[in-house]
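TrEMBL annotations:
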DOMAIN    12-476  domain 'Major facilitator superfamily (MFS) profile'
SIGNAL    1-20  signal peptide
TRANSMEM  60-84  transmembrane segment
TRANSMEM  91-114  transmembrane segment
TRANSMEM  120-141  transmembrane segment
TRANSMEM  153-177  transmembrane segment
TRANSMEM  183-204  transmembrane segment
TRANSMEM  302-321  transmembrane segment
TRANSMEM  327-349  transmembrane segment
TRANSMEM  356-378  transmembrane segment
TRANSMEM  384-410  transmembrane segment
TRANSMEM  422-442  transmembrane segment
TRANSMEM  448-468  transmembrane segment
Amino acid sequence: KPPWSMLLLLVAFATTLGAAVPTGYCIGVINSPATLMKEWCNQTIHEKYGGSLSSGGLDILWSSIVSIFLVGGAIGSLGGAGLANKFGRKVCLLICAGLFIIGALLFFFCRAASSVEMLILGRLIVGLSSGLVTATLPMYLAELAPAAQRGTLGVFCGVGVTGGVVVAQVCSLADIFGTEDLWHYALSAYLVLVVVCYLPAIVFPESPKFLYVMKGNSEAARRELLRLRGKKASKLVELEIAEMEAESNDNSQGSGFCDVLRDPRLLMPLIIVCSFQGGQQLSGINAVSIYNSYVLNGSNGALFLTQIFYYSVSIFTKAGFSEANAQWANLGAGCLNLTISLLGPLLMATCRRRTLMMLSSSLCAVFLFCIAFVLNYIESVSWFAWACIVCIMGYIFFYQFGLGPIPYFIGSELFEVAPRSVAMSMGSLASWTCNFIIGMAFPSLQSAWGAFVFLPFSVTCVLLFLLTKFYLPETLGRDPSDVAPLVAKGFRSKLK
């Protein structure tokens, strides 16, 4: 294996901390101070426009503030392909940094300006940036890395997003910024990370594959490769240049949206990428994972597992957490998810993708089914409350073995450079769209179906298991040009 160069490590950690972590931060920060922010919105509208919102009107406003982030994410994902192909992967990430900075400034000054509009606009802008990040960052890191390190770097984006949620949970605690006077600090605190991590951006390399294959600039590609691999790795550089030349000479695959969507050879890998990223959201992570907290109802001693990703919706009863410990329990679940996700780089460097994905999806399906069963009978059996917690933690644990990290980077291993940006954008769009669907539909479905709301999540995991078993080729240590022919026949493809 080639050694890790200092430049590659710098770019990997700087972009993860400066782009992926802020993405997760903006996902996780909005709920803890939600009550304080809703009160401020109502008061601000009363002072500015001379009227107060009804309870229903305030809920609609809050839903708009929450969901517009996801709308921005979907739009940013769609724009990622065009920006990445026209301006380059590096410039696209610099645009993300600029959008994050603008969003943070809007968050910070919206309270002083008494402007709910600034808050909504800020959420839209950071959503746009987050969509660009999830579409571009895994692709950028995968194209910078040599083949042996591609999987390791591919999970950095997922780990960063998970870590960002945990950082947001910490910053929004009542003991830090989660107060009536400081909630706007919580929303904008990620600005420090963005500014610090992008200070060395002038030395970040552009993707050599983008320069060679998309721009036809072989000298610039060679120059960036020498910076990334070191002058002592000249043989490795020449080998990679030869691979790029072969890929550049293959003009059979287009790079536009229409070209990719019309090419039957790209149908199956595109289905895999979109299904993995969409299925990642539809697997129930937003309902049972790090976005959950345990809240004790003091009047009857009932424990609620509350979906705090977007809304506080009670799911089950009887456990034993005090209200004072609710945020800490939520933070603990987030830390578990982050801890397991840190194993991702090691797993992706040594373990087969198909094995990890099948293991993760099958066991998550089992745990989700158990959650539904336990919740349905939780009133009848006293120890089922703790069994539910065990199932939730088991789900979180095995989710991070495959369902969590693999969808972020699998497109980089299935697609060659020309169609890669479109595939990553489509996958990111599927993720944000399904994220939006869960955020909007889960509260209503939970009210209508009760515990059985988790059964569709379990079915999703079963479908992902089947898709992986029958159609996902092993990509560990293989060049995309070697993988592409294995899935070029669509549903008639047969794995070797």
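Placed from the backbone N, Cα and C atoms, the Cβ positions cover glycine too.
Just so you know, TrEMBL annotations are computer predictions that nobody has curated.
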Contact between the transmembrane segment (384-410) and the transmembrane segment (153-177) (3 or more Cβ pairs under 8 Å, separation 6+): yes
Same-chain residues at least 6 beyond the ends of the signal peptide (1-20) whose Cβ lies under 8 Å from its Cβ atoms: 93, 96-97, 100, 133, 137, 140-141, 144-146, 148-149, 153, 156-161, 163-164, 193-194, 196-198, 200-201, 203-205, 227-230, 233, 236
Contact between the transmembrane segment (422-442) and the transmembrane segment (60-84) (at least 3 Cβ pairs under 8 Å, separation 6+): yes
Stretch of maximal Cβ-Cβ contact with the transmembrane segment (183-204) [cut-off: under 8 Å; candidates 60-84, 91-114, 153-177, 356-378, 448-468]: 91-114
Range from 60-84, 120-141, 153-177, 356-378 with most C-beta pairs under 8 A to the transmembrane segment (448-468): 356-378
